[in-house]
């Protein structure tokens with residue numbers, strides 16, 4: 001098992017709608033970003049990449065490359081999921097906290113869970129999305145933007161678990177015993 005944490009924030013700007021966790025939300029502003037600005041998916045990508053010790057979203061999808069301009073963040077997430085699967089892991093569970101004074105997120109939570117579960121190739125029972133405010137404190141409270149925290153637990157697939165066990169036995173067999181000289 002591996003645990004990862006991700007965080008991202010985007011400032012409001014331009015015209016709406018805005019996209020959060022793959023869901024288009026009617027709002028008078030969008031996000032200022034190089035991609036579509038889906039701060040929830042960006043935080044989730046960072047959490048998965050972190051759990052895999054593969055850096056962060058900026059390493060994989062630099063914001064100075066035109067190919068990622070206005071890209072749908074779900075495409076980025078699907079790429080990160082492939083990296084995860086190539087390394088022998090699948091989603092154990094995901095927990096996202098969207099911090100927003102506006103817009104109201106509650107009406108969209110189920111749709112967000114459904115979209116994320118599909119892109120993560122896991123059951124909706126493994127994906128939680130919740131929302132909170134900052135009680136009008138800070139940049140979120142002033143309605144300047146949205147931040148998201150993401151936590152992910154990755155589970156080793158059965159084949160990967162067998163490989164890890166074999167590698168562990170090989171290392172143990174080749175490790176000198178205490179009191180012996182290597």
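Cβ atoms are placed via backbone N, Cα and C, with glycine included.
Sequence annotations record features per position, and here TrEMBL assigns divalent metal cation binding site to 8, 10, 42. Here TrEMBL flags 8-10, 34-35, 56-58, 61-65, 132-135, 142 as 4-CDP-2-C-methyl-D-erythritol 2-phosphate binding site. Per TrEMBL, domain '2-C-methyl-D-erythritol 2,4-cyclodiphosphate synthase' is recorded for 1-154. Under the heading site 'Transition state stabilizer', TrEMBL lists 34, 133.
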## Note on the structure
Candidates 8, 10, 42, 133 (recorded positions); nearest Cα to residue 57 (4-CDP-2-C-methyl-D-erythritol 2-phosphate binding site) turns out to be 42
### Task
Take the Cβ of residue 134 (4-CDP-2-C-methyl-D-erythritol 2-phosphate binding site) and count every other Cβ within 10 Å, whichever protein chain it belongs to.
14
### Task
Going by DSSP, give the three-state secondary structure for residue 65 (4-CDP-2-C-methyl-D-erythritol 2-phosphate binding site).
coil
### Task
Could you tell me which of these recorded positions, 65, 133, has the fewest other Cβ atoms within 10 Å of its Cβ?
65
### Query
Around the divalent metal cation site (8, 10, 42), what further same-chain residues have their C-beta within 8 angstroms of the site's C-beta centre?
9, 31, 33, 37, 38, 39, 40, 41, 43, 147, 148
### Message
Tell me the Cα distance separating residue 10 (divalent metal cation binding site) from residue 62 (4-CDP-2-C-methyl-D-erythritol 2-phosphate binding site), rounded to the nearest angstrom.
### Response
16
#### Entry: Cα distance (Å, whole number) from residue 42 (divalent metal cation binding site) to residue 34 (4-CDP-2-C-methyl-D-erythritol 2-phosphate binding site)
12
### Query
Over the domain '2-C-methyl-D-erythritol 2,4-cyclodiphosphate synthase' (1-154), what does the predicted model average in pLDDT?
94
### Summary
Cβ neighbour count within 10 Å, max among the binding-site residues 10, 34, goes to 10
### Query
For residue 57 (4-CDP-2-C-methyl-D-erythritol 2-phosphate binding site), which DSSP three-state class applies?
helix
